[in-house]
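As recorded in TrEMBL, the features of this protein are as follows:
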TRANSMEM  6-30  transmembrane segment
TRANSMEM  42-60  transmembrane segment
TRANSMEM  80-98  transmembrane segment
TRANSMEM  105-130  transmembrane segment
TRANSMEM  142-163  transmembrane segment
TRANSMEM  231-250  transmembrane segment
TRANSMEM  270-296  transmembrane segment
TRANSMEM  317-337  transmembrane segment
TRANSMEM  343-363  transmembrane segment
TRANSMEM  375-395  transmembrane segment
């Protein structure tokens, strides 16, 4: 198998992972804002997310000859390593539930703020757990300075959300009530028609990013309706997702390094590629079960769908499939880097709001025409993330053996 052995190689994996993991949420958010049902999107995403893990296992996991202490992927499938396999699969369950939760949270509190809060919770809890599981191979004084930067970033992210919500409310209140009532009476086209004319309606082409008209027209296009609903509910979902995310990396750490000595004597540890395969299989199974259930019993007042409707819904499917590939390869690269330099340092990829905020501004017009206060808070938040990711990468160690 191919193994990352140098700190430099681990950092390259982390940077690539950061780019991939920061981009795929933007694609799923784009589809929701264009009216595609999130159940359909997540089913597509789950398929390619699993395929990415299979590809990594069959390539990187099979390169070179199998060694007694580091067997190749196929060799390890037949070994008695089920205790560690279960840790990997539990990690996949945490990730699947967390990703599914954020898909609904994005609609309520926005892509940028959702990513800030979930990633910061992940770093504070997950990085601390990984530090001790990794036998403290990372430099604590640097590592926890980075964790502190993430804490500051989440506070700034909350302030950004509050300021931006106040800005949007002021924009909507500036409209005449008769205009708002007229807009509210419009009907929304079915999801199958949401991508006609390249995915945008004529009204949305006239409305400029950040205006009150844009916010109202966006509400008509999107599949999850948020006007008149409390953002507190979205924040609760976001915190729940963050807790799930904080546990999947430590579970994977236990699967590959067996710190609790669950394997029988002489049985080699799971290599990162085998663990990632089992991790992704459980992630896929949970996603399929939950989302097929949500087709027939939808949540958040979404319209009811069916498996047949999902099969025939090709509008935007290519973007959902691409999102799954990006997430799959992003997670794989994170684990490859973590196995070499410590999973605590690999949590630097949780600075993905740097990337997702960029896409939020470019694709969705987030923070356009906002107040000066919002812009100052936004820039401060992003700068703090830049500092945090640099500090966490600087704490990278080297795993012995």
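Using the three backbone atoms N, Cα and C, a Cβ is placed for every residue, glycine included.
Using a cut-off of 8 Å between Cβ atoms, the transmembrane segment (270-296) and the transmembrane segment (42-60) share at least three residue pairs, counting only pairs 6 or more apart in sequence. Beyond the transmembrane segment (317-337), the same-chain residues lying 6 or more positions past its ends with a Cβ under 8 Å from any Cβ of the stretch are 4, 9-14, 16-21, 23-25, 27-28, 30-31, 36, 40-42, 44-53, 56, 60, 95, 99, 249, 252, 256, 272, 275-276, 279-280, 343, 345-346, 349. Relative to the transmembrane segment (80-98), the listed stretch 231-250 leads the set 6-30, 142-163, 231-250, 343-363, 375-395 in CB pairs under 8 A. Only pairs six or more apart in sequence are counted, and the transmembrane segment (231-250) with the transmembrane segment (105-130) gives three or more Cβ pairs under 8 Å, enough to call it a contact. Contact check: the transmembrane segment (375-395) against the transmembrane segment (42-60) gives fewer than three Cβ pairs closer than 8 Å, residues 6 or more apart, which falls short of the contact criterion.
The recorded stretches the transmembrane segment (6-30) and the transmembrane segment (142-163) do not share 3+ CB pairs below 8 A when only pairs 6 or more apart in sequence are counted, and are therefore not in contact. When Cβ-Cβ distances below 8 Å are used as the criterion, the transmembrane segment (142-163) is approached by residues 109-110, 112-113, 116-117, 119-121, 123-124, 127-128, 131, 231, 344-345, 348, 350-351, 353, 370-371, 373-374, 377-378, 380-381, 384-385, 387-389, 391-392, 394-395 of the same chain, each at least six residues removed from its ends.
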